[in-house]
Ligand SMILES: N[C@@H](CCC[C@H](N)C(=O)O)C(=O)O
């Protein structure tokens with residue numbers, strides 16, 4: 001079978017995007033892993049499917065698979081690429097697109113300058129919802145690991161995130177603590193793990209160890225998670241610039257009861273065809 005796809009990225013978080021409105025593609029976990037491989041396949045952090053809507057008030061359904069082949073609930077950088085893809089491919093001419101995902105509904109706005117703003121919905125802090133094993137909701141949780149004790153915050157942006165505050169993001173133990181916390185038994189669905197350095201109340205630096213993909217150049221939901229954690233703790237204002245290794249995002253949040261808004265770029269790299 002031949003699949004038509006686009007290679008896209010949001011700040012270097014890269015995607016294979018498949019139009020499943022005009023195609024009928026089904027891939028097994030092994031096929032996705034093979035396609036994600038940077039030596040043997042197309043190479044990507046996530047595979048995105050653009051699918052027909054399930055209900056009249058929605059324009060499209062959006063499915064996301066990590067490079068390890070597992071389907072997940074949400075992807076922020078992918079959402080911006082989704083908005084660009086559906087307009088580029090003539091699937092819609094709307095500037096405002098409503099999309100359902102496993103992690104909830106989101107709205108994508110294409111701005112005049114080509115950037116995309118995503119209404120990412122409401123962050124969830126209830127441990128059961130994240131999901132995370134904890135007696136009750138806390139601002140900071142203590143994780144006693146065999147060799148050290150770690151303090152982290154946790155939030156769902158549709159998908160599960162842990163956020164650690166560090167002094168120096170460049171030297172943060174992303175590749176040591178990232179996989180340990182991703183697979184920690186207190187995160188039954190595993191977790192994305194962000195390392196945030198607060199530069200000032202309107203500016204953070206962030207690296208993210210992504211569940212099912214390892215460290216990526218940027219993580220949109222991770223940027224939202226870090227920003228809301230910093231805002232809840234009174235360290236950040238309601239608009240913050242998040243510098244990731246691949247570039248910057250703007251995150252806005254008015255506090256609990258309000259949705260998180262993310263603005264940033266979405267780039268098309270090439271169109272391709274691959275046999276599976
Ligand atoms: N890169 C994404 C997040 C993709 C999914 C994540 N790895 C998960 O497993 O939840 C983003 O930009 O948000």
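Using the three backbone atoms N, Cα and C, a Cβ is placed for every residue, glycine included.
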Based on TrEMBL, name the residue from 4, 24, 66, 171 that is recorded for the same substrate site as 13, 46, 76, 77, 159, 192, 210, 211, 220, 221. 66
Out of 66, 77, 192, 221, which of the binding-site residues has the smallest number of neighbouring Cβ atoms within 10 Å? 66
When a 10 Å sphere is centred on the Cβ of residue 13 (substrate binding site), how many other Cβ atoms does it contain? 29
Taking a cut-off of under 6 Å between Cβ and any atom of ligand 1, tell me which of the recorded positions 13, 66, 211, 219, 270 pass. 13, 66, 211, 219
